[in-house]
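These notes are about the structure you will find just below.
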């Protein structure tokens, strides 16, 4: 560490390079990047796919190894393996990501944002150049610590190598990452999916949807203002789920749910249990006004695409309505059929994807207008061959985090 | 019961903790009283834990969906950090601050009545939900404690009696907080892969979580290599916490908010 009392006066670019030189270089890279953004019109597609991304990875790691073993004593490599270079590149990446965190990453009409590419930071030259310097620092110091291996360096290596692997594999892997969405309909085979750019992609297998199922929560009870139609009380926060025989208090109304049907139809002036397509839930309420003890009774229903809703008017000011039930769980019972005709049965559910021949199948969505009567289930298919490398990096960092916890725990007064 | 009983429980906790704080203050003069203060703090904490446990049980879902619910966890974790740190470092001011912060967050919840809603959207119904949120909030609470140390450090250097051991306490907290922050971030990535098909999508909340992580990363590297430059370290620590606050509350108010899957439920 430099001793403050006998600090030697040094000129810019005298060895070793410090923070001023580091930020000079870093900001220089960033400005070069922005300049490239301005001069290159249109969007650039940086993705490289297999096998070129693998060649690039091997070439890059080879380049880092040659830099370290062949040119360790040059000014540049010494600078790259020292703290000022790391900190300046971390700061500049933080700066650029902060722009991403403020400027929405969508097409913009603002000329400055568009020309500098501030709305597409992840493929911005400035970001890529700064990231390249960051990764080079990270790679070189990782090599340095591995070469000078000591047991107490294990945590360091886990954190730094893990981050390096996860970042590099994540970036290079985008070229091989496939994310497709497939519309499947009940009792039909589907095998033509679409990618992000809405291009059709034929799958090496077909998906047969046996049944799409939704489990719903009970609807909620809301008190609304007759004139504005807005939910009153606590900004609409405190809504109760409607359950039979329960009592609720809304403002000065005491509500008792006398009857509740999850699926019903209107017959005359009342609702009866029916299980047709599009039959909505309904409830029979008894509402007592606590102030004057008057009682109002009546039916409410949230309606559906096939039936109108029903509200219960209490007085000139307020009415009770039923909200549309929220989905608790939705799932697709499917058969995956290979080209050879082999069938695999499975049920897809949110948070429960299914692995099949290098693909992962996810329950994505359904026809929300139709709700639980939807015959459509949208399945997402993802192929990410680089995932094992990324997970290796992630698990190394998780192990590194435990190590940090242990180290942090040992810091005491002395 | 759900949140309906919150005023009762938080009232009991509030009284116990405020009396505890007063006793803590007196204990600067009469040393043995610190034990009484700790007993009052501990009693209040037990009451709060009982409330959280009952709430979880009655809601039929982990109470971690709304901003108010995250504040409840924050108030629950801060006393733990206060206690552990007090028993290791013997700083009374730190114990006091942890409880003041916990009281402030309980008060915010008292003033903003919470949702009684029992619904939980399918994407949140995952084994990762609880570890992701708990690890994050624990980390936020520890890192908030470290920023309190930064403020104390600034105040001390302003008065001219800054001690290096104050920064060591900050390091102690930042390392632990950062370890949990890393775990929260990575658990989030693993969960996202299961729920949405990709581990990282630069969602605004992810962007700010990444920035928070980078902020503390700068602090750790700077501290490690410049242990004598205390003022700069304190400044970095304070700035990192500002980023953390943007990540926790601020994202909802930024122009990028409507593209996020992470905005806390309002209803």
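Counting starts with 1 at the first residue shown.
Including glycine, each Cβ sits where the backbone N, Cα and C put it.
TrEMBL does not curate its annotations; it predicts them automatically.
Annotation comment: TrEMBL describes B:6-26, B:33-52, B:72-89, B:94-113, B:133-151, B:172-192, B:207-222, B:234-254 as transmembrane segment. The domain 'Cytochrome c assembly protein' annotation in TrEMBL covers B:74-254.
Ranked by number of Cβ pairs under 8 Å to the transmembrane segment (B:6-26), the listed stretches B:94-113, B:172-192, B:207-222 are led by B:94-113. Within its own chain, the transmembrane segment (B:234-254) has Cβ neighbours under 8 Å at 67, 70, 140, 143-144, 146-147, 149-151, 153-154, 157, 167, 170, 174, 204-205, 208-209, 211-212, 215-216, 218-219, 222, 260, 262-264, counting only residues six or more beyond its boundaries. Long-range contacts of the transmembrane segment (B:207-222) within the same chain, counting only residues at least 6 positions beyond its ends with a Cβ under 8 Å from a Cβ of the stretch, are 143, 174-175, 177-178, 181-182, 184-185, 188, 229, 232-233, 236-237, 239-240, 243-244, 246-247, 250-251, 256. The average pLDDT computed over the domain 'Cytochrome c assembly protein' (B:74-254) stands at 91. Across B:72-89, B:94-113, B:133-151, B:172-192, the stretch most heavily in contact with the transmembrane segment (B:33-52), judged by Cβ pairs under 8 Å, is B:72-89.
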